[in-house]
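Notes follow once the structure below has been shown.
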There are 4 protein chains.
Amino acid sequence: MSGNTFGKLFCVTSFGESHGPAIGCVVDGCPPGLELSEADIQPDLDRRKPGTSKYVTQRKEEDKVRILSGVFEGRTTGTPIALLIENTDQRSYDYAKISQVFRPNHADYAYIQKYGIRDHRGGGRSSARETAVRVAAGAIAKKLLREKFGIRVRGYLSQMGDIEIAFKSWDEIDRNAFFAPDASRVPELEALIDTLRSEGDSIGARIEVVATNVPPGLGEPVFDRLDADLAHALMGINAVKGVEIGDGMKVAAMRGTEHRDEMTPDGFLSNHSGGVAGGISTGQDIVCAIAIKPTSSITTPGKSIDSEGKAVDMRTTGRHDPCVGVRATPIAEAMVALVLVDHWLRNRAQCGDVVPETPRITG
Amino acid sequence: MSGNTFGKLFCVTSFGESHGPAIGCVVDGCPPGLELSEADIQPDLDRRKPGTSKYVTQRKEEDKVRILSGVFEGRTTGTPIALLIENTDQRSYDYAKISQVFRPNHADYAYIQKYGIRDHRGGGRSSARETAVRVAAGAIAKKLLREKFGIRVRGYLSQMGDIEIAFKSWDEIDRNAFFAPDASRVPELEALIDTLRSEGDSIGARIEVVATNVPPGLGEPVFDRLDADLAHALMGINAVKGVEIGDGMKVAAMRGTEHRDEMTPDGFLSNHSGGVAGGISTGQDIVCAIAIKPTSSITTPGKSIDSEGKAVDMRTTGRHDPCVGVRATPIAEAMVALVLVDHWLRNRAQCGDVVPETPRITG
Amino acid sequence: MSGNTFGKLFCVTSFGESHGPAIGCVVDGCPPGLELSEADIQPDLDRRKPGTSKYVTQRKEEDKVRILSGVFEGRTTGTPIALLIENTDQRSYDYAKISQVFRPNHADYAYIQKYGIRDHRGGGRSSARETAVRVAAGAIAKKLLREKFGIRVRGYLSQMGDIEIAFKSWDEIDRNAFFAPDASRVPELEALIDTLRSEGDSIGARIEVVATNVPPGLGEPVFDRLDADLAHALMGINAVKGVEIGDGMKVAAMRGTEHRDEMTPDGFLSNHSGGVAGGISTGQDIVCAIAIKPTSSITTPGKSIDSEGKAVDMRTTGRHDPCVGVRATPIAEAMVALVLVDHWLRNRAQCGDVVPETPRITG
Amino acid sequence: MSGNTFGKLFCVTSFGESHGPAIGCVVDGCPPGLELSEADIQPDLDRRKPGTSKYVTQRKEEDKVRILSGVFEGRTTGTPIALLIENTDQRSYDYAKISQVFRPNHADYAYIQKYGIRDHRGGGRSSARETAVRVAAGAIAKKLLREKFGIRVRGYLSQMGDIEIAFKSWDEIDRNAFFAPDASRVPELEALIDTLRSEGDSIGARIEVVATNVPPGLGEPVFDRLDADLAHALMGINAVKGVEIGDGMKVAAMRGTEHRDEMTPDGFLSNHSGGVAGGISTGQDIVCAIAIKPTSSITTPGKSIDSEGKAVDMRTTGRHDPCVGVRATPIAEAMVALVLVDHWLRNRAQCGDVVPETPRITG
């Protein structure tokens, strides 16, 4: 109820602050019999972790995950899988001086108003560090989707500031630290980061996530639509301010003749709807996108208040990403994967033995 | 779990098909002691109902709501409030001919793949008619917010196709059938609808919703962030393909110096974040927007398949809105209200007696 | 959260007061494709309804159920099934005089302390009338269990006051108004009721419920054990004060050599555990029992207080059952059925494709 | 959904197997501002832990708890509190030989039928070791109840086999390893344990739990009654086969004149109902009891089957309690405390500002 559990059948309960002893989660509801070890999870954590290039924060967190339960002799047992990541690089002295002031556009002020108390070290629970946990849980979801259900979830950076990057191929994405789908554009991105660093500024970004080979029938028809649950999952990522499915916000200006996805015996003729109709997957690719705001922690001073309500001028130091969107691709993939696994299981519960008479068309 | 219940503390369980005997819901978790009668709910239903102008569908549903329980001597008792709306204008013969074919961009095909069976009369459960129920439940939420918590939730149409409508005043909205915040623009909207009707086409729209006087502290820090739950609520409305909080998708191109909302002892200097930081309300106005796709049911024929998978050419007749966005404003308001009530109660449960030492600044 | 929804995958949301316009529920999560009509539900309601013999209350409620949604052309569609029972015999004038006093051992005083308001007509929400709704929902669960999963749930009256009734056969139960498994004992029960009526007193009872052909594997290992969920379901029935699984409270005095159920290739040698081990069904019969307190509404005057806290002498008139246990058998069956359906679906979600290598032994 | 989370507002998610690296839980929903350290939790763990006297199992688990999150500068922050207990004494070789056979009356067979796989080391997830986690979470609940809400929860052993122990005083309980409320009876209990050990047998027990100073109004009127949730919590403890509230199973033989709790301006005249009426607390003491079956692991050989379904004769060795009931008192207290905290918060959410006009009478 305090909102630290995600999912209804494949449930992830997250815990931990950026500067406490550890962060982690409990994954409850993973089917038994899946081969699983830390080696299945670590690669996704490594994709997200800070310090991998000079274009992201230079904090050095190892993000080493340990499985504490739920796996026996290399396979899941159907019982809760606890994942633990110990915090190692926690220079909380960096944060001591901000304990009595509120960083603009951070959760600091909202936290103190809500709880009357906050762990000011690195944002505590509101730190982007918490997303490591989601990536870890998502790695299990992704493996389950891939190996048991045949579904693949992948994302990429499609925009940073004014730089829009057209999709070239999935192979490009692993060849650069930006998750850009066209590696030839990377020098532009690097130049932008360099400029921002020198100007004490930051920039927003846009990420696309695509899930392929999703069967039709996932999602519930009214409140817990597949797209609604994707929106919940994606808007719940730190710094996300917009979520789109298929054509997204552009549909406001579109006509019905242009937007509708016609069907033929050989499949759909387009995918404007992003693979979801009436809240239920159609069998086409699930396509969604998020916009991530520019990092709020910048070195250009800004106006704020302190804990007594007095005006202060605030300049955030510390080691921050000029573009938090750069490391967000694995997080967005993880959240989409968690939604899909959850709905796959929900669908199996209610409609597990349905054999539709209407033939399935390809996506 | 089948997704027909919304909310965790203020729970709405919806039921009913467009062409069955009735639609309705159970509202569980409303605090006791609220004055309530059908007269508090009917006006919002009347705002949404079809047939009110020539610019919306000419179906004539009375949408007369009846309270079946949970109210005694004019006040809520704390027990479930059941709301019932009987269906009156159910020309299901209109739909008989489409029972064996799938309307493009509708849920028809996805339903049959999921359930192996579907109520083809008017879309059954996927019909926009179901949203009447949300409006009814939302009217209770809005009253509770207004009278007990001092919060007001209002929406308006900000775009239809290429026509963007700048906000003029809340008073304008009730003066036209489009919920447009500038009544002087209505002739343009009417002309567009007329054109679409003659062309057998439809158009998308954009709706903004604003909640004022929201206290800081609503929302949970990780998965069930206030913005994440708003996204879930809004993306769960039929035909919505994008959700934005504050600056929304535009943040992808913004800089930190531009986007961050600075604070002073006299309040925030801007509201780019839409009233939510780190998933928790800041005390500023909550500002969100949705994009609604063009109506899929249009009279221009389109390619589709029938229940045996064979190609058909499909021309949707029946009485449909050329722009479903026109009647969506009350629905969006209702969903935002339901989220806010739910989080208000969740916050009272966990932090009910917190008295923050930091003074509250104005929004 | 306000506790009017039962189940996690097969969810029943109950509403209605005894003297309002109607009671009813929404059943969400029923798999599609089940043949269903009112005729499947009414018989169980008729078994529970008052006025069927002179040994129960003489209120005359028709308890006529109507299906409002979720069924199309005689089969469930996978969407919410709303059930409505209108109240017909609501002599609320009977209750006007008790509006300012609290009946001893009733929920009256607790309600006013909790909600600050109560619907005093017939107990409002705390009325046993609400259990009609559970019986109606349970009838759907029972049909699903029987026809799709091969499971049968049946109950009987095993004790009323000092009269203990040994199980003779299931056929006997339908031959008498007491659900006694040995019709030859009925004259004793009738005599006891007559005595209680003349003495202005009431009596407790014990009900057993047995589920046969339950597969092994239902139930979750820690909190939501099958037996824990049965206890929740059964203790949640009005007037129940004790719940037992298998040997129940007697195990406190038993030895391990006596209690343990040994296994052979031909099956279990005993069923002291009532079909549940470690919270999970073993494949044996599920056996549980409840004790129901004597009716609190009796004509012998008792001490109480009024709404100002002053002492009053209270004599409950109205039409009450001398033994509420008499009509409780269908309710207990319904609750057990709801638990089993829910866990069957939960198990299908998580372990749906498990094929255990160990052969299954018979119960 | 897989049932490893307890509570709706004060949520405990448990993980870990008896012979894995660690067990633990995440407590989500604890209000902010509670002073908390490991020193508040350890004493209850020490009360439950094995090896404290010769009358319980001689396994030596330190049960040292560590708080990983949710506490900052000695106070809870309102964020998830993760608790970790590392396993130290895990002689799993003791269990290797039972990997291919099923212990009678254990969950072994049910697990393999459900999951197709099981962690056979010490019962894995079904081990009583998991209850340490509940005791740890319960210690937080107990502290919150005591310090913030003024409620106290205590339990005692009232019966072991044929030995019934009348309540003498709460002070006695801490003076003996049996949690007996009359220390003069301890020699009898010791003698019984000695006899059982020599005979290779075990014995059942009965535990009472009493909560004092509970305000009226906790509990929801229909499914999630306070007593129903207590039954769920208590029946969910390993080896529990019966749960009673107030007079419990005895009510089946009682009369209304005898059972009803009359009220006067000075309070209730009796507490047969155990402090709950209509599912809601009345302000009297909450009184409940459980029966715990005799330990299934005994040295007297018993019939069973192996993983191929063949007959085996089974003699459980290892270090087991002759009476698992001896160490169950802290577990039962913990579960009752968790239910009360949860309902206290639920009540605050929905009825937080209710001021009943009727004066409160003492319990």
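Glycine is no exception: its Cβ is also placed from the backbone N, Cα and C atoms.
According to TrEMBL, the protein carries these features:
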BINDING   D:Arg48, D:Lys54  NADP(+) binding site
BINDING   D:Arg125, D:Ser126, D:Ser127, D:Asn238, D:Ala239, D:Gly278, D:Lys293, D:Pro294, D:Thr295, D:Ser296, D:Ser297, D:Arg319  FMN binding site
Cβ under 8 Å to chain C, applied to binding-site residues D:Arg48, D:Lys54, D:Ser127: none
The one of D:Arg48, D:Arg125, D:Lys293 whose CB sees the fewest other CB atoms within 10 Å, among these binding-site residues: D:Arg48
Integer Cα-Cα distance in angstrom, D:Arg125 (FMN binding site) to D:Arg48 (NADP(+) binding site): 18
Three-state secondary structure, which DSSP defines for D:Lys293 (FMN binding site): coil
Which of D:Ser127, D:Thr295, D:Ser297, the listed binding-site residues, has fewest other Cβ atoms within 10 Å: D:Ser127
Other CB atoms, at most 10 A from the CB of D:Ala239 (FMN binding site): 22
Binding-site residues among D:Arg125, D:Ser127, D:Ala239, D:Lys293, D:Ser297 whose Cβ lies under 8 Å from any chain A Cβ: D:Arg125
Distance, D:Ser127 (FMN binding site) to D:Arg48 (NADP(+) binding site) (CA atoms, angstrom): 14
Three-class DSSP secondary structure - D:Ser127 (FMN binding site): coil
